[in-house]
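See below for the structure under consideration.
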2 protein chains.
Amino acid sequence: MYRAPVEDIAFTLKHVAGMKSGLDAGAFGDLGEDLVDAVLGEAGRFATEEVAPLYKIGDEHGAVLKDAAVTTPPGWKELYRRWIDGGWNALSGPEEYGGQALPTMLGVAALEMWNSAAMAFGIGPTLTMGAVEALDKHASEDLKAKYLEKLVSGEWMGTMNLTEPQAGSDLAALRARAEPAGDGTYRIFGQKIFITYGEHDFTDNIIHLVLARLPDAPAGTRGISLFLVPKFFVNDDGSLGGRNDVFCSGLEHKLGIHASPTCTMIYGDGFQGARPGAIGWLIGEENKGLACMFTMMNNARLCVGMQGVAVAEAATQKAIAYANERRQGKAAGYVGAGMAPIVHHPDVQRNLLTMKALTQTARAISYCCAHAIDMTRVSDGDEAAHWRDRANLLTPLAKAFSTDVGVEVASLGLQVHGGMGFIEETGAAALYRDARIAPIYEGTNGIQAIDLVTRKLPLGGGEHVHGYIAELKASADQVRTSNRDGFGRTADALDAALGDLTQATAFLQKLSADGRTDQALAGATPYLRLISLAAGGAYLARGALADQGRTALCRFFAENLLGEARALKERVIDGAESLAAAGKTLISA
Amino acid sequence: MYRAPVEDIAFTLKHVAGMKSGLDAGAFGDLGEDLVDAVLGEAGRFATEEVAPLYKIGDEHGAVLKDAAVTTPPGWKELYRRWIDGGWNALSGPEEYGGQALPTMLGVAALEMWNSAAMAFGIGPTLTMGAVEALDKHASEDLKAKYLEKLVSGEWMGTMNLTEPQAGSDLAALRARAEPAGDGTYRIFGQKIFITYGEHDFTDNIIHLVLARLPDAPAGTRGISLFLVPKFFVNDDGSLGGRNDVFCSGLEHKLGIHASPTCTMIYGDGFQGARPGAIGWLIGEENKGLACMFTMMNNARLCVGMQGVAVAEAATQKAIAYANERRQGKAAGYVGAGMAPIVHHPDVQRNLLTMKALTQTARAISYCCAHAIDMTRVSDGDEAAHWRDRANLLTPLAKAFSTDVGVEVASLGLQVHGGMGFIEETGAAALYRDARIAPIYEGTNGIQAIDLVTRKLPLGGGEHVHGYIAELKASADQVRTSNRDGFGRTADALDAALGDLTQATAFLQKLSADGRTDQALAGATPYLRLISLAAGGAYLARGALADQGRTALCRFFAENLLGEARALKERVIDGAESLAAAGKTLISA
């Protein structure tokens, strides 16, 4: 079973993602390494001892809907209670409302551990934290006063209500409507689908954040507003009042994360005889809802990226443990009696090392993204702008690369288990099932790649990304000057990959400048993979430079996985024409 | 829902895999193109209209065990009956026992269609056909007379009993035992696991082929014998007698192929008060069981490869259909009203074209393998030896590459569906689940790669593979001399990939000659992918040369997917040292 890799996480935060220098420079106020270690250690203990044991029952039992009420799997409600009692929901929440305001880096590190232990558990609080952030930044003081404290503590949970059957990736197609009631509130009508933890028994109240259109709002995304719709009304003394006209009409039967209720939510249909119209309060300005929601979504994208890292870590641990137990055949390197543990077979080692290296690269990228978010908060002026650009650049990498890695690593992990991997009891299959949603929700990975190419490469007049590549190159240079034998051809491999990255970047920037967007979009996904692999390689090198024990894995990555970079560059530069030509044949008459 | 791609299949058989020239040369006796088309058309109709509609209930209901009897999902028993009544089980069976003795090419083409329609259905008869082949080649005339006719017709089904809890990939560890009873029969004792269709309600009798050890047999694989153990004894008049002492004690709860019962079989435990000891008959010679079983396994490996092709085809069809229906966002190429069908987005096209191209390459490789098997049968002397080598060379490619492709394509297909892909009702998730077993059973793909490098590269004194590469190169040359604009840089890409393949091949052959097997094993999996991609590219080119309409997809493959070849070559040549160094760190103290 999963054991939180606290040391690995702490190392990556401090020595790869930049937390150590931040701490040393006093960037995070009083926060010191002792507290960081204590928080990570305790989170690791909770994830390992409390969350992980409930994974299996969660997967097998799932969430159950009866009479518009959802029951979570046995023990999960109590787990959530212990979890918020431990203060975990409040970790990075605003101090003003009872949060501990710890850096995002610590928040996502803890989040990784909850998600490794049980992804269906980890996804719930992610939505609450997103709601906290959106309210904190955009809501009126009244709304903040009424809702934030209990959302920060986790006594209530939050949800994000975007998707409708016809409006998934394209929110312009949204139809849910909001009518001003004349008393400052609005009446909300419509159906939302795929609402994670839209209904459940963890908390007494659920605070829905809902996108809807006002009457006469402009068409498209400029006519969308954001509303707060509580399940139960909240009296001025904070006690709960009557039931709002919102209810869960169905749960999806999903491939994975069975314990996480994925709800169809009906707003304003006269639930239980109520006067139709769910009562909602506007967050931010009318018709500016999408901007408010993006506050949540950027955060959520990094959080979903952590799910990719998390599943990859859990799958890697499980596969390494199995490979050390299971004995089959003879292996040249094994001198013991009888059959060799399969971990001695080179082909099994190749799978396990690929899993380990990909997991660590995805983790490093995601933590670096969190670091940039933290630095944005503690700096100002040009420096803040620099870190904001960095966070924006790394968000699609953290989301898409990490979740692709989650799927790939879970699949390799299942493979290492042989026939046992296909049997549900083993648990490898459950990770393979759970992992598969993360490349889809919070913006599909294809949309992340498009975001990267069309919105992130132009940051800083197109210079930000080149500055980033130069930083990565500095790590490659350090590898070269280290003259450490164990690095093998790492420096050459990094240089080659970073050279490919530079070329592909300049090429895509030129296409965009020339207005050839469609050609750039054709290369978006290979480009996202290319920059992620090159960055990941440099981050592994940074880790190895700080800790010699990490050299071998860094070299394995450089010499076995980084070679893909060149083919990716070629796809970016030379792939679009043939894609367009062949793509036409896919379209039905 | 799945529609059998009969035209595509017929085209690949005839113009890529070599059936046309075989037919024209009269290699297959009376068999003409008319009959080939008729068989394919009728198989396609049956798969589309009869099998595919029962996929979903099979997945949802699964096989159920009660009192040692397994019930298949509603309608499946009747489906099987209609299927054997159509003569489909007998398609490539020996004529002497009622089979139609049609080429393996036709058999695997039909098999692809059954498996696309429902993989859990397609896997059952695969085992029966394997049993037919093993009996036909190795059994005594008495056994053949008693069992073959009904196995060929499908009135009875066959099974393969190899795996035991401690003996999966490594059959040397096998413990099931067989004691001579003194009357020419044997008493079999032991437990077998993962027995596909080990027990079911399709047929009145089930003929188990079981590996076991005789008393005092040599240790390891040289002490294994093969036995025929019927579920019910067969009287001399062909009627069924009493029940044998073999029963199903459990069904696995699997990730996918739910309708296929995966059984734990208990031999010789005194089932229902029987005198303990399942009665078995020796097939072939004592202690030569593994050779007999390999007859079945080679055939089964190609058949499992077809499952990879089959799932990839089904996933591709489903994704293309969905992408033409689902509308989201705007696309540069779309001039219609409202949101564009997502098939117009370049990133979606990239996914779909990748799926389509990989499916077609895997199909071409697998059909070429079947062609080689057929040519072995209709030729003799050096020519037969040549084709035998070719079939042996291509078998690990057909098995491992195709089943890897099955998983990759099913995963991409799910992704194209966005959020709907994660919902079980859509059906994309079921393909992702089903696909995952194929890289594991019948020898994991890692073992296929080892087989390729250690047993297949040395064929013909190491020359056979180079002759094969030269044939592939001839297709690349034809692309170049065709001067067809639509090919773009296809010829260059093929030449580069084939050059990489030649280098990697020579390198691995040299390693083996030098006795550095472990280093060769480290590169086995990347090598298998390399040769498969290069071969697949050449086969797509062969298709495009025969049919101009196939040029665009061939070019897409060459310019977008074939670039991976160089990185794979580098892994083969340069990857082993770092793998060995890092691999050590995986081993528990």
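Just so it is clear, glycine is given a Cβ too, placed from its N, Cα and C backbone atoms.
Taken together, the residues of the domain 'Acyl-CoA dehydrogenase/oxidase N-terminal' (A:41-155) have an average pLDDT of 97. Summarising the annotation, TrEMBL assigns domain 'Acyl-CoA dehydrogenase/oxidase N-terminal' to A:41-155.
According to TrEMBL, the feature domain 'Acyl-CoA oxidase/dehydrogenase middle' maps to A:160-266.
Per TrEMBL, domain 'Acyl-CoA dehydrogenase/oxidase C-terminal' is recorded for A:287-452.
Annotation comment: TrEMBL describes A:472-581 as domain 'Acetyl-CoA dehydrogenase-like C-terminal'.
Secondary structure of the domain 'Acetyl-CoA dehydrogenase-like C-terminal' (A:472-581), assigned with DSSP and counted as helix (H, G, I), strand (E, B) and coil, comes to 98 helix, 0 strand, 12 coil. For the domain 'Acyl-CoA dehydrogenase/oxidase N-terminal' (A:41-155), the number of residues in each DSSP class (helix H, G, I; strand E, B; coil) is 81 helix, 6 strand, 28 coil. Counting residues of the domain 'Acyl-CoA oxidase/dehydrogenase middle' (A:160-266) by DSSP class, helix then strand then coil, yields 7 helix, 53 strand, 47 coil.
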